[in-house]
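Here is what Swiss-Prot records for this protein:
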type	residues	note
DOMAIN	6-267	domain 'Pyruvate carboxyltransferase'
BINDING	Asp15, His201, His203, Asn237	Mn(2+) binding site
REGION	391-504	region 'Regulatory domain'
Amino acid sequence: MDKNKIIIFDTTLRDGEQSPGASMNTAEKLQIALQLERLGVDVMEAGFAAASPGDFDAVNQIAKQASNITVCSLARAVERDIKAAGEALAPAKNKRIHTFIATSPIHMQYKLKMSPDEVIRCAVEAVQYSKTFCDDVEFSCEDACRSEMSFLKEICEAAINAGAKTINIPDTVGYLYPEEITARISEIVKFIGDRAVVSVHNHNDLGMATANSLAAIKAGARQVEGTINGIGERAGNAALEEIVMAIKTRQDVFAPLYTGIISKEIYPTSRLIASITGIEPQPNKAIVGKNAFAHESGIHQDGVLKHKETYEIISAESIGLEKNSLVLGKHSGRHAFKDKLASLGFDLDSDALNKAFEKFKDLADKKKEIFDDDIRALVAEEITKIPQAYEITDLLQSSGGSLASASMSIRHNDEIVSDSALGNGTADAIFKVVDRISGINGTLKDYKVTAVSQGKDALAKVDVKVEFEGKTAVMGHGLDIDTMMASAKAYVGALNSYLRIHKN
């Protein structure tokens, strides 16, 4: 093993999916997985195979298609979880089972209701059983950063003796600050030595996930876990793009340490994940935020124009952020379209390619200029599509005075159903029509409109979160030049997601 290489462990498809509204289907996860492979990620946590049949299928499909990356599944320290992980990962060329159990006093007492000795025994049995499926086993001490050091050492020793090759020390609740994690990881690294790779997994509850990850690397950790765009539960995970670019940019601090990440794939990966999940990075997000390379101040603008390095410590080109150039038009053919998709990181089967191309030609008839972001949005809409129980065939809308009206026709069970409604605004009227036609009442929890590219004829992307029949809220996404049609598509998309999850 190269002791200077930092192993990049991406958990966007597992921990990142736990962001509210970020649920992904198998086709979406597969597209992200293939892009993570192009990015140069070392280990990809493809999911939690035991969580549901959908998760099992996603892990299994990724295991079949990934080739130059280690595919990993999370598993609690219970036989059922480990068996599911092992079976889902079976086709993978390189595979890893990541098993875990909580080790902090509060978790052992109140969540597990187990004694420390029982927790150690459970950990050992989990690692040993995992080894029957694959040689590469990672063991995590959940809530390690609130665990007693003496117990951490004891359970890590037991896991290594049982066959674990990686020991992960997560700050599950994002509690520590850099000096604390430096001290803790230094002691663990000194104790473990060369017997296993020490890994860290930091959450961002106090805004220190990236700083803590970098501090842990300096303290001797050689694997770092995180997500693209920093998505994840609560305040999210350590943002891998920040960690990678910090190591690359500050070689005066980190040399001879390095990662195998292909930095020009960072921005395409970020955009793909944002398009699929509907979760946009905050505008001032480091590395991938839309303002990351924007300069408003006149003094800054003057400096950048004279010499970029006056105010830019990394270049936009180094992360693959090229000018959002005009790319294709209505006379472009299928081959040119396919080549453009490949350059943007998409790998579609022939059926999906044909459908995406039809949408592109339709857009080209309506929109004078088509940009990379338009293409990304079109394809993301196609690969995120689920079975359509309800499908819009026509929409008429009007507004003026105190109320707006909407008339809509929707295909359901091979029949066209039409209805109308009034509302406090056009979007409200549209949502009421959908409720009337479907007979399923929804409560709008969130509504967001984004311009995909530039110009007066820019595509509108609408993301909604809707709670149907008092059940868990689901997300819907819509794309159209007409903002209200995009809103209708998003709401109907949420309805279809609800039916797929709760009715089937």
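Here the Cβ of each residue, glycine as well, is placed from N, Cα and C on the backbone.
Remember, predicted model here, so these are calculated numbers, not experimental data.
A map of Swiss-Prot features onto the structure.
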residue	record	CB count, 10 Å
Asp15	Mn(2+) binding site	23
His201	Mn(2+) binding site	28
His203	Mn(2+) binding site	26
Asn237	Mn(2+) binding site	30
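In three-state terms derived from DSSP, Asn237 (Mn(2+) binding site) belongs to an extended strand segment.
DSSP places the residues of the region 'Regulatory domain' (391-504) in helix, strand and coil in these numbers: 33 helix, 52 strand, 29 coil. Asp15 (Mn(2+) binding site) carries neither a helix nor a strand DSSP state and counts as coil.
DSSP gives His201 (Mn(2+) binding site) a strand state.
In the predicted model, residues of the region 'Regulatory domain' (391-504) average a pLDDT of 90. Residues Asp15, His201, His203, Asn237 make up the record's Mn(2+) site, and a Cβ search at 8 Å around their centroid adds Thr11, Pro170, Thr172, Asn202, Asn204, Ala209, Glu225, Gly226, Thr227, Gly232, Glu233, Gly236, Ala238 from the same chain.
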